[in-house]
Amino acid sequence: MDIAQIPTNLLVSNSTSIIHPIMHALSSVLLLGSCAFQAVLGRPESDLFKARRQTELLRRDVDSFVATEEPIALEQILCNIGPSGCHASGVGSGLLIASPSRSDPDYIAGQARLQTVSNPSGSLSDGTGLAEPKYNTDFSAFTGAWGRPQRDGPALRATTLITYANWLVDNGYESTATSVVWPIVRNDLAYVAQYWNQTGFDLWEEVQGSSFFTIAASHRALVDGSNFAAKIGQSCTACDAIAPQILCFQQSFWSSGGYINSNINVNNGRSGKDANSVLTSISNFDPSLGCDSATFQPCSERALANHKVYVDAFRSIYTLNSGKPSGGAVAVGRYPEDSYYNGNPWYLNTLAAAEQLYDALYVWEQQGSITVTSTSLAFFKALYSSAATGTYASGSSTYTALRDAVLNYAEGFVNNVATYAASNGSLAEQYDRNNGTPLSARDLTWSYAAFLTAVARRSGVVPEGWAQGNKLATSVPGGCAATSIVGSYSAATATSFPANQTPGTGVPTTTVKPTTTRATTTATACATQTAVSVSFTVRKVTNFGQTVKIVGSIPALGSWDTSKAVAFSASSYTSSNPIWTGSVTLPAGTAIQYKYIVVNTDGSVTWEADPNRSLTIAASCSSTSSRSDTWQ
Ligand SMILES: *[C@@H]1O[C@H](CO)[C@@H](O)[C@H](O)[C@H]1NC(C)=O
Ligand SMILES: *[C@@H]1O[C@H](CO)[C@@H](O)[C@H](O)[C@H]1NC(C)=O
Ligand SMILES: *[C@@H]1O[C@H](CO)[C@@H](O)[C@H](O)[C@H]1NC(C)=O
């Protein structure tokens, strides 16, 4: 069975919840992405992207698609989250998603509880139950047939929770990280160290074998575990012992045909050319690893060679791609042998093909050179026919030609999605291989997540790295061993989660940094604030000379008098991310109403459409909060 074959509405219905494809999608956007967004949203986009983007017609089309789709994608993801998402009413709180950037953090306690539920994959006592992919939304086991176990689940959960736990430690909440999050993570790390060397189901939930994605996620989880344990003064000896062996095994997915064979230890008649490989490369992207081949970084010779082989596998099989030049972007699917719904392009895969290239461009710009090797030559030649092996420094004409060719190629994939997305911005799962009509599950969370990460990379927003200088990340042992360490497992006892220990509500912005709220061991051990500095972000395309302001129902917001409205700043405004920001100190425990206005050069005022916006300023330990809106 195939997770992707389950209509999205089932994912959020009362019947079942599906844990880790959603975890995969959301961990990248709402966790990794949120930290990255905080660090860089306000940073001007690189001159490269800005300059090039302003010159070409294709790029303008992609720009306008990105600008309109971005808020829709985010909103639609939130809509798919229980209990109160607009498409998710009745869904249990915190079961499906990794979302510390929302105000309701029950997710963490939910995972602690889920780990203890015995299920058809097994139980917690020997760890086997941790790889169960599917539960009912009331926390009970799902006992129907399914592709289980899925061993990427524990690894992804560990990585997701460690990413959040790092944020906790960095923001003064170390005791929460060690007492609430770490006990959950420890079980998952033990699982990976014990079971990594057994077959399981792949990320499409179809193939039982060894999956490239699962093995890469497992290695990364143990490196994350090693780094995080050290950060909190503990150790993970199983992480340190086993990570090198998983990385060793990962190398064997590189096939003599010059591409990644995504599924091994299985004989299912497939070529192994699979989006699995591209998704792995982008989800384990760490800019500090440069173009490292052992971890298949997006700009590594292997990942680029694989990108070409993977994309080429779809050129001739989809009518939609006919007539496209051989070096041009096309619609791509899961694997060429796919027969589900007759086998079609998937939005998330076409976006992943773009994302890998944006990642590569980021690293080349950082390191100031592009290296073409005999392994990656065919990839470059398809885009730039006179490409030859060598290293080209930025500023050289060859560097510029190669870089521009890859950028244009990347934009082409996004443009393909722009062309075949529904006209109102909804992204389904697939689009028809013959005519591009949206197909299968509607409003697929993973499609939106894939869009958001791709366009974040497009504007130079990259995830924080996971290697952190740890040699476990990249050193491959001379010989591989099928070792494993039997773990010990115990129930994490967290039943609730301290309030306010999240990066803020809504879309994270640069200004959300609760540095004034220091470590507390319990949620009540801090003083309730009487005033809260609220950071507002509003997305509004404006013309030169216009100013965005906020006006509302209380004196701090001008009591609806536009002459007393609070002016916002355009310092974070870019063409691809047209946001205005401002901070207002508001009384805690108050319900307010507000609207945004644009003040034109002649002083006239343009109001947002009704209704008035409502906001209740929580009286809590936190003296800061944030709010993100899109002009209505
Ligand atoms: C276990 O690891 C060994 C050594 O890397 C490898 O040859 C074998 O294929 C692996 N098997 C599975 C099922 O992971
Ligand atoms: C787009 O239209 C479809 C069909 O009417 C609807 O189900 C979907 O919710 C709409 N999407 C958005 C983002 O408005
Ligand atoms: C918004 O608030 C103002 C001031 O209280 C009020 O006059 C107006 O009717 C409100 N708009 C709506 C749509 O409720």
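Including glycine, each Cβ sits where the backbone N, Cα and C put it.
Database features (TrEMBL):
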type	residues	note
ACT_SITE	D202	active site, proton acceptor
ACT_SITE	E205	active site, proton donor
BINDING	W146	substrate binding site
DOMAIN	526-632	domain 'CBM20'
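All features noted in TrEMBL, drawn onto the structure.
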residue: W146; record: substrate binding site; Cβ neighbours (10 Å): 20
residue: D202; record: active site, proton acceptor; Cβ neighbours (10 Å): 24
residue: E205; record: active site, proton donor; Cβ neighbours (10 Å): 22
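DSSP gives the residue listed as 'active site, proton acceptor' a coil state; it is part of no helix or strand. DSSP assigns the residue listed as 'substrate binding site' to coil in the three-state reduction, placing it in neither a helix nor a strand.
Note: the Cα of W146 (substrate binding site) and the Cα of E205 (active site, proton donor) are spaced 8 Å from each other.
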